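To start, the structure itself, in structure tokens.
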Amino acid sequence: MNGVAGLAAWRWLFILEGIPTCLFAIVILLFLPDFPESTEWLNTEEKALVADRMRYCGSKGGDKTMTWVDTRKTLTEWRLYAHYLLYFLISAPFSSLSLFIPAIVAGLGYTSLNAQLMTIPPYAVAYVVTLLVAWSSDRYNSRSLHAAGCAVVAAIGFIGLATLPPDAYLHRYGMLVMSTATVFASTPPLLSFLASNTHSTASTGLAVALNLTFGGGPGLLLGVWIYKPQDAKGGYKKANWINAAFMLGILVVCAGLRWWYGRANESIAVKRKFVL
């Protein structure tokens, strides 16, 4: 589309990708309710049923606005910082793959248009795996196990990329697909793992914002520097080892949080069960 309407092709790329987002934003604003209690197309009994079902998986419903007590409690809760660490650990591999998959694929022996075409399967598989993991996580009300399981599979993929010979193109491509799919699939459970275990709806908003600030931002910035051009000939061994370490870190932190939440749930003093 280079030259259409006097615009360069790269400008059309941003326009075409931005149009669906803008249109869906309007649809969501008009039709997506904030809480079951505010839904106009459910009767009273259905609203109560949905709200009760959501509380089982950590939802607090239409709660009050944030108070200073909520703010202080959210800022001083140590376990939430473990969640922020989790999001940092996933954001770096996520960012590095998102930016450098074309370069990684080119290093696997594909060139020109073929290199661009071969970037599609990792994302296509990631799309399917992400949906399946999200469904299963919701079905069994389990966040940490799904995130940790994806992290282990991704780590195996990165270790394979780091240890296989640079010219083992087919095998290394399979490892890339496996890593990409599970890195992307582990992100939604990690986000809901945090949101399900906050004190109130108001504190959830603050915790998610802090999660993006302390975890997402630094992780995304770091991810830009993981795959370096000078490492291309060796198959980006160092970069893949780094990403494998990040994913194994997710396994460790998820295991620690799951253990702590499990102990807390056994206490008679706990007012609300934590979501594991």
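Using N, Cα and C of the backbone, Cβ positions are placed for all residues, glycine too.
What TrEMBL lists as transmembrane segment is 12-32, 84-108, 120-137, 143-164, 176-195, 207-227, 239-261.
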Contact ranking winner - 12-32, 84-108, 120-137, 176-195, 239-261 against the transmembrane segment (207-227), Cβ under 8 Å: 84-108
Recorded stretch, among 12-32, 120-137, 176-195, maximising Cβ pairs under 8 Å relative to the transmembrane segment (143-164): 176-195
Positions on the same chain near the transmembrane segment (12-32), where near means CB under 8 A and six or more residues out: 1-2, 4
